[in-house]
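J.: Let me give you the structure first, and then I'll get to my questions.
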Amino acid sequence: MANVYDWFQERLEIQALADDVTSKYVPPHVNIFYCLGGITLTCFLIQFATGFAMTFYYKPTVTEAYASVQYIMNEVSFGWLIRSIHRWSASMMVLMMILHVFRVYLTGGFKKPRELTWISGVILAVITVSFGVTGYSLPWDQVGYWAVKIVSGVPEAIPVVGVLISDLLRGGSSVGQATLTRYYSAHTFVLPWLIAVFMLLHFLMIRKQGISGPL
């Protein structure tokens, strides 16, 4: 093992990286509530793993979506557990995200020079809610269908561009296959890439600026 370590150390200076990670100063006022962001990240990683597992069996069509979800729940080995963990961690992720936002706000973590960290966090919150909206529709049951119907119809109240936005969300003038395809694409491809990018920016800024001081 020593030879392997020396080989990597010579080329990548991994000890310097390890020292930088493990020797970061943590202010004495930090408590358990400062872990809410990390818990949110953990929930997302669980979401990613369980969601990826379900893509092997889920069929994003209006005629097969519901049946494929039932197949996952009843026929796939541990499918019920994987989907249940996905749902539970989704709820936990939203809850932890909300508590994290409140903690940052109440402790003044949004103030100068951390404005950009706060903005990236707000964007991450919007993306998290978008995950919930798009994922809720994927079983394409009565609850999911009418949820999409309501959500996609809300923008119609916006003057001038409202109808255009609704048609963009639905993939047409009515809810159907195009809608499910768009929500599935957003849930499994667009939103994961967006949240990965903004998480990276968020963590890099936290790493650079450190944890904010007490009020």
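One is the number of the first residue shown, and numbering goes on along the chain from there.
Cβ from N, Cα, C; glycine included.
Dumping what Swiss-Prot says about this protein:
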{"type": "BINDING", "residues": "Cys35, Lys208", "note": "heme c binding site"}
{"type": "BINDING", "residues": "Arg83, His86, His187", "note": "heme b 2 binding site"}
{"type": "BINDING", "residues": "His100, Arg103, His202", "note": "heme b 1 binding site"}
{"type": "TOPO_DOM", "residues": "1-31", "note": "topological domain 'Cytoplasmic'"}
{"type": "TOPO_DOM", "residues": "53-89", "note": "topological domain 'Lumenal, thylakoid'"}
{"type": "TOPO_DOM", "residues": "111-115", "note": "topological domain 'Cytoplasmic'"}
{"type": "TOPO_DOM", "residues": "137-185", "note": "topological domain 'Lumenal, thylakoid'"}
{"type": "TOPO_DOM", "residues": "207-215", "note": "topological domain 'Cytoplasmic'"}
{"type": "TRANSMEM", "residues": "32-52", "note": "transmembrane segment"}
{"type": "TRANSMEM", "residues": "90-110", "note": "transmembrane segment"}
{"type": "TRANSMEM", "residues": "116-136", "note": "transmembrane segment"}
{"type": "TRANSMEM", "residues": "186-206", "note": "transmembrane segment"}
J.: Give the sequence-ordered set of same-chain residues, not counting His100, Arg103, His202, with Cβ within 8 Å of the centre of the Cβ atoms defining the heme b 1 site.
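T.: Filtered neighbour residues, in order: Leu36, Gly37, Thr40, Met97, Val101, Val104, Gly109, Gly121.
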J.: Tell me whether Lys208 (heme c binding site) sits in a helix, a strand or coil according to DSSP.
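T.: In three-state terms, Lys208 (heme c binding site) counts as helix.
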J.: Across the whole of the topological domain 'Cytoplasmic' (207-215), what does the mean pLDDT come to? Round it, please.
T.: 80
J.: Just give the helix, strand and coil counts over the topological domain 'Lumenal, thylakoid' (53-89), going by DSSP.
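T.: Looking at the topological domain 'Lumenal, thylakoid' (53-89) with DSSP, the answer is 23 helix, 0 strand, 14 coil.
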J.: With Cβ-Cβ distances below 8 Å as the criterion, list the same-chain residues six or more beyond the ends of the topological domain 'Cytoplasmic' (1-31) that contact it, or say none.
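T.: Those are 207, 210-211, 213-214, in sequence order.
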J.: Within the topological domain 'Lumenal, thylakoid' (137-185), count helix residues (DSSP H, G, I), strand residues (E, B) and coil residues, in that order.
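T.: Going through the topological domain 'Lumenal, thylakoid' (137-185) residue by residue, I get 35 helix, 0 strand, 14 coil.
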J.: With a Cβ cut-off under 8 Å, give me the same-chain residues at least six positions beyond the ends of the topological domain 'Cytoplasmic' (111-115) that come close to it.
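T.: The answer is 205, 209, 212.
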J.: Determine, to the nearest whole angstrom, how far the Cα atom of His202 (heme b 1 binding site) is from the Cα atom of Arg83 (heme b 2 binding site).
T.: 29
J.: Of Arg83, His86, Arg103, His187, which is closest to Cys35 (heme c binding site) if I measure between C-alpha atoms? They're all binding-site residues.
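T.: In terms of Cα distance, Cys35 (heme c binding site) lies closest to Arg103.
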J.: Across all chains shown, how many C-beta atoms besides its own are within 10 angstroms of the C-beta of His202 (heme b 1 binding site)?
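T.: If we count other Cβ atoms within 10 Å of His202 (heme b 1 binding site), we arrive at 21.
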J.: Would you mind ranking the binding-site residues His100, Arg103 by how many other Cβ atoms sit within 10 Å of each Cβ and giving me the lowest?
T.: Arg103
